[in-house]
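Positions annotated as domain 'Glycosyltransferase RgtA/B/C/D-like' by TrEMBL: 13-171. Summarising the annotation, TrEMBL assigns transmembrane segment to 17-43, 63-81, 88-107, 113-146, 158-182, 215-236, 248-267, 273-292, 299-324, 344-367, 379-402.
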Amino acid sequence: MACAHARGEIYPDKPPVFMWCIAFFYLITGSLKVAMLLPNAIASLVTLGLTYKLSLRLASEKAAMLSMLVLLLSPQFLIQAKFAQIDALVACFIWISVYGLIQHFYVHVNWRWYFAAWFFMGLGIITKGVGFLPVLLFIPIAFFAFTSGSHRGKWSLRMLFGPLVMLSVVAMWLAPLLYLGLIKQDPQIQQYLSNILFKQTAERYANAWHHIEPWYYYIVEVIPVFWITPIAILVSKAKSLKDALTHNHAYSSLLIWVILVVIFFSISPGKRGVYVLPALPALSMVAGLVLANSTVSRGLVLFARAVTSLISAVLLIAGLALLFHEPTAVKLMTRFDSDSETLVRLSIVLLVLGFAGLCTHIVYYVYNKKRNAGDGELLARQLLAWLFILTVIPSTFGAWLLNDYRTPRIVLQNAESQISNMLTKDSTAFEVGIVSFKEQYLLYSPFEMAHFGYHTPKEVENGTAWAWLANTSEPSREQTKVSGQRVRPPMRQRFLLVPSDYKFQCADLSQATSLGVAHRDEWLLLPATAASATCDLPANGPVFNSYDGSSD
C-alpha cells in the first residue's frame, strides 16, 4: 500500500515508511510492542556506528570512541532510541546522508556514497518530510571547497544526478498516490494527498497551528537540556574548539550544518524538541574531537564538580518538596491535571537521581583520597557515571514508573471496569466508540473501538458519534463488508468515550461517568441511554472499526 492504515482508516499525518517498518517487524516477531520499538532501536544503533566510523575516518580512534560516548550520553538521543516515535528513524536516514556526503567530499572521492546520500534523503522525505536537511550541508562544503581550491574531482556535472535519485525514491511512493488521486479520482486518496503534501508540510512549517513557540525556543529550552552533554563540553572547552576547527573543514562543515538545522526549525512558528534530533550526531562528533585534543585543567575540575553537585542537590530537594511540601504538590497537580500517585512516582525518580548523582561525588572523593589519581582521569570517570545516571535512569526506570501518566492505560482500564458493571444480564456484548483521540488510545485499548475519523470536522464527528451511540443509522451493505474479511457482528450495548472539554452535544452528560485524566484531558464514559432522541448535527461522517480493520 502506498499509504499506511490505522484501524481501518488511512493514516493521514505521515508517509508510511515508519509504519511499514513496524509491520515488517510485527510479521517477524508476532509482538506489536517489540515491533514498535525495534525500528528506532536499530536506527539508533546504526547512527551510533556511523558516528564512530566517520569520526575514525576524519580524526582518530580516541575521537571516534569519545564521539560515540557523547552521543550515547545525550538525553535526547537515548530517549528517542527507546520510544516508538518516527524521529529516530528519520534522523538515522539523514545521518546516513550526511555520512555519504562527508565521505565523498572530505575522506576520498566516492560517487557511490554521494548517490547513496541522495537515496537516503529521499527515504527520509517519505519517512517524515524533512529528509532533505543534508542539502544544507552543501553550503559549508561549497564555501570551503571553492575558497581553498580543493574542489577538483569532487565536483562535476554528474552531481546533478543526485537530486534525481532522491526524487526517484520519492516517486516510488508518490506516483501511485497521484495516479489514484488525480486519474482515478479516489476521494480518500485526494484528501490524503491534500493533507500530507500541503497541510502537514508547507502549512505546518510556514503557518503551524500547534506547538507554537518563540524563535529562541531551541536555544533556551531544548538544547541546554537535551543536548547537555556535547554543549557542556563545547562551552567548557571553547578555546580547544577553536583550535580543533582551525583548518579542519570537515568538522567545521558539520558544526555549521548543525547551526543551519537549528536556524531552519527556529524560523517556523511550530516547534518541538525532537525536530532538531538529526543534528545531534554531528555536534557529538565535534565535542568528541574537542575532548580528544584537550587536557583537563584544575579550574575545569572544580567547575564541573560544582555544577554536577548543584544539579544533584536541586533534584534531591525537588523530590523531597514534592513528597512533603503540600502547597507545591497541589499547585503541580492543578497545573498538569495530575494526581497524588503520579506525583509520588515523580518524586521517587527525582530522589533517586539526586541521591545517585551525589553518590558519584562521594565515590570521587574517597577514590581520590586513597589513590591520589590525576584530576582529569577521575573527573572523566565521575562525569561519565553522573551523565549515565541522569540519562539512563529517567529513560528507563523513570519512564516505566511514569508510564501510567504518559499513556491512557488507566483510563481505558477504568472504562472496561465501568462497562462491566453497566452491562445487563441479558447482554454481555458491548462496543465502545471514541471521539477526539490520539492513536495511542487505540493501541492501549483492551477492547475493540470505533472512531469517526482523524480529521473529521468536530460538528460532523459529534453528530456521527451521536448517531452511532443511539444506533439510529444503519450502515449500508457496501460499508460494512470488506473484501476477504468477515462482517463485524452487531454489538448490543454501546458506550462512547468523550473528553470533558469536548462539549459533546445531543447527549445527557449527567449520565456520564468520569474515568480519570489522560494526556491532560478528563475522560467521560457515556452509555447509549445518554443519547438524545434527536440531534440537529450532521451525521454523515465515517465510522471506522478496529474489528478486522473494517469501516462502517
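Cβ coordinates are placed from backbone N, Cα and C, and glycine is handled just like the others.
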Long-range environment of the transmembrane segment (17-43) - Cβ separation under 8 angstroms, sequence gap at least 6: 4, 6, 11, 80-86, 88-92, 123, 126-128, 443
Dominant neighbour of the transmembrane segment (273-292) in 63-81, 88-107, 113-146, 344-367, by Cβ pairs under 8 Å: 63-81
Cβ-Cβ under 8 Å with the transmembrane segment (248-267): same-chain residues at least 6 beyond its ends: 58-59, 98, 102, 106, 133-134, 136-137, 139-141, 144, 148, 150, 215-219, 223, 275-276, 278-279, 282-283, 285-286, 289
Stretch in 113-146, 299-324, 344-367 most in contact with the transmembrane segment (158-182), if contact is a CB pair under 8 A: 113-146
Same-chain residue ranges lying at least 6 outside the transmembrane segment (299-324) that approach it to Cβ under 8 Å: 232, 236, 332, 343-344, 346-351, 353-358, 360-361, 364, 375-376, 379, 382-383, 386, 390
Long-range Cβ neighbours of the transmembrane segment (113-146) (under 8 Å; 6 or more residues past either end): 14-18, 86-87, 89-90, 93-94, 96-105, 154-155, 159, 161-163, 165-170, 172-174, 200-201, 249, 252-253, 256-257, 260-261, 264, 275, 278
Whole-number mean of pLDDT values that fall within the domain 'Glycosyltransferase RgtA/B/C/D-like' (13-171): 91
